[in-house]
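Reading through the structure tokens given below for one structure.
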Amino acid sequence: MNNFQLPLGTICVTLTFPLLYMHCIGCSQTTAEYAQFVYYAPLVVIFQFGWASTQINHLALIPDLTNNDGDKVTLNAFRYAFTVFSSILVYGIAWLVLDLPGSTSNGHELSPIDAPSFRNLVLSVVGIGIVFSGIFHFVLKEPPRTAHASPGLTVNGPDETETLLSHGDQGLSEKTTLLRKQTSDTVTSTSNMLHWYQWFKKLPFYQMAMLYMCTRLVVNLSQVYLPMFLTDTLKMHKKFIAIVPLIAYLSSFLAALLVRPISKIVRQEVMYFWGAAFVVSSCVWGNFIPEQSMQIFGQAILLGFGNSIILIMSLSMTARLIGKETATGAFVYGAMSLTDKISNGIAVVVIQNLNPCKCNCPLCAIYFRTVMTYVIGGIMLVAVVTLFITAITRKNEPLDDGRRAGTAEA
């Protein structure tokens, strides 16, 4: 874990996130849009830098803590469970600020009058984040890294020392030989480690990047466009933009808890396929939900289950890809995050530009239903195809063989 990037990322998020939900300083109703863009764009860049710094360093801890695939799944499941719990807390607060009789928010639809409610929501979230980030940085202590000798090569134990001393010069010679062997093994182990640029020669690296990118697209796009689907397509009260995602996150939390025991008897690829089946089922269901129907809660449960499983499994498979190459683990997670950010940015821009209606009209209802069904479902199917290709090539071309080849070439 990088002890500098993590607190720096926390500071960047703390300082910029609240400003994104407030009116720009010095702006008025007559301020040009380009001026507001110039104000908010740097804040978004700094926020994304800080968010990526904290996420990548957290994820890089997992392959560094254990080499066991089952333990990696467990750690990813616990991590995602707490992520979901924090999201549940956020939507719980949102439900309160948008639906309390005494709140500034009122009416059926969202409007500029709701801005103070979202400001209060963001300030509450950042305050809670500061508390727990402080606990992580100042209460939890990372144990110092020590060099571990290989089993059977320790020469400083009491029995070995006594034996070597009793044999005089012969013991000294044996001790020197053992030390040389240990040093040679350490040097060999270090030389076999992958450098960051060698990952670009590995086919599984690109396959995992594609799978992770599609997974993040499904999760993020469903979170972004679910509120539009609720308000524009299903014509539901604005309080449901907090209630329905809350239900989805509750099911995600349950799925994260169930992943741990099930992953002990089921392969990661099979678990991912099950999660993909939940997502595709929710997309199909969403295509037939009528306006103001409570069926949306069933779809939200399926979507929450699916999103949780595919995200945990994709992170676990990334940790499995890293294996013992923990020195470059942060680079791998950073590369995966880069594909996530770029693809999501492009996807949102394309979807927004293709929107046939710039305001609330009947075309918006059809459009956002299409996004929540065909777009997200299509991306999920691409991820499943990538999963099958990855599973086939992983059997025929193990990564360990590729690493040895890459080391020989270097």
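Cβ coordinates are placed from backbone N, Cα and C, and glycine is handled just like the others.
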Feature transmembrane segment in TrEMBL, mapped to one of the ranges 31-50, 271-290: 271-290
Non-local residues, at least 6 beyond the ends, that sit with Cβ under 8 Å of the transmembrane segment (371-393): 203-204, 207-208, 210-211, 214-215, 217-218, 221-222, 225-226, 228-229, 233, 269, 272-273, 276, 279-280, 283-284, 286-287, 310, 351
In contact by Cβ distance (the transmembrane segment (330-351), the transmembrane segment (77-98); 3 or more pairs under 8 Å): no
Within-chain partners of the transmembrane segment (118-140) [C-beta distance under 8 Å, separation at least 6 from its ends]: 6-7, 10, 13-14, 17-18, 20-22, 86, 89-90, 93-94, 97
